[in-house]
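This report refers to the structure that appears directly beneath it.
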Amino acid sequence: MTFKSEPLTVHTEGAALQEDKEHLETLEACQVAKDLDPPPSLHEFPEGGLAAWATVFGAFLVQFCGLGYTASFGVYQDFYTQHYLTNETSSAISWIGSTSAFLLMTVGLVSGSLHDRGYFYHLMIAGSCLQSFSLFMLSLSKPDQYYQIFPSQGLGLGIASGLIYVPSIAVISHHFRRRRTLVMAFVATGSSLGAIIHPIMLNNLLNGPLGFANGVRASAGLISSFLLIACLCMRTRLDPPATPVNYMVAARKCICDVPFMLLIVGGFLFQIGFYYPLFFFQLDSIKHGISINFSFYSLVILNGSNCIGRFTSGFIAAFTGVPNLVIISSFSCGVLILGIIGLSNLASVVVLGVLYGYFSGLNTAMAAPIMAILTPDFSELGQVII
């Protein structure tokens, strides 16, 4: 019995050693595989965090100071027409605001491309400094000196706003994907809030004891402070592509994209009429016999409703879809602009201001999300978002 049990014992010990060896090899293989696993991809968007929300706050301030200030030109239009540039027609004065708005959009073609190449911080610093400088230079302009006001407010502010407008929106796509539409809609409310605060402040400063020069300087100080905070808050997360995006290739790709081109044509036609109420609503109210004190708040009513429209746009788009909301809001704005022809009393100012402000807010807030939807390659988002 003893002789027969020995082979069994040896066999059992050998099997145990073999199993231990296989177990060790398995553990080593797992460890090697774990060591070789790549780190989490940068394209796994954090959807939040301190850096992401600080960037959102900074972008909000940029919108407040950029498009929000441009949308407040109606105050300057009224003040220039009645007090400061009395030798110029209202049409000539409107060229100051329209040039600024035009440059805000067209300079974005350049700033968007530079953003995609990794020059985000350069654009933000340069644009912020130029906007502050232009406003302080505007405060030095003398009455009835159109040639002094146009370069500082029409050209300087327009270029400065264009340098920071698109990058401040495009950088949101570095941190959010699933909630991008909602976050971009929130950022867009910054311009609406600016278009509420700036008219109240400017009307009281320009028409108050401070006068034009000191009033514009006070406004410039506020803008400069907010832009400084924005530059300190915003951060990029994704590295620029190893091979820089070829702008001409991207442009040809967009031209061949039928839905994208239809969106561009529609957006172009919408922008032709979009700024008319922003520039002339306060002046039209005064010309139609509305009290001056109430007319000062006509832009506040319009832009306040615009802010509500931008804030609620993300929630509405979740149910209607971004393209459907853009179509509905664009059509409504077109009808309401025609209604301004019948502006005659206080009630009409309030109704038209509230309705146009709300639907224009919906449309403006959806501009960036619909561009993001139609952009399959996010490395090109800065170029096409304008």
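These residue numbers are counts, starting from 1, taken along the chain as shown.
Placement of Cβ uses the backbone N, Cα and C atoms for every residue, glycine included.
Straight from TrEMBL, the features:
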TRANSMEM  50-72  transmembrane segment
TRANSMEM  92-112  transmembrane segment
TRANSMEM  119-140  transmembrane segment
TRANSMEM  146-170  transmembrane segment
TRANSMEM  182-202  transmembrane segment
TRANSMEM  214-233  transmembrane segment
TRANSMEM  254-276  transmembrane segment
TRANSMEM  331-359  transmembrane segment
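Count of Cβ pairs under 8 Å against the transmembrane segment (92-112): among 50-72, 146-170, 331-359, the largest is for 146-170. Long-range neighbours of the transmembrane segment (214-233) within the same chain, counting only residues 6 or more positions beyond its ends whose Cβ lies under 8 Å from a Cβ of the stretch, are 54-55, 57-59, 61-62, 64-65, 69, 121, 124-125, 128, 131-132, 135-136, 138-139, 164, 168, 198, 201-202, 205-206, 208. Here the transmembrane segment (146-170) has long-range neighbours at 58-59, 62-63, 66-67, 69-70, 76, 80, 85, 87-88, 92, 95-97, 99-108, 110-112, 114-116, 120, 123-124, 126-128, 130-131, 133-135, 137-138, 140, 184, 187, 227, 230, 234, 368, 381-382, 385-386, meaning same-chain residues at least 6 beyond its ends whose C-beta is under 8 angstroms from one of its own.
Residues 270, 273-274, 276-277, 281, 284-285, 288-291, 294-295, 298, 301-309 of the same chain lie 6 or more positions beyond the ends of the transmembrane segment (331-359) yet place their CB under 8 Å from a CB of it.
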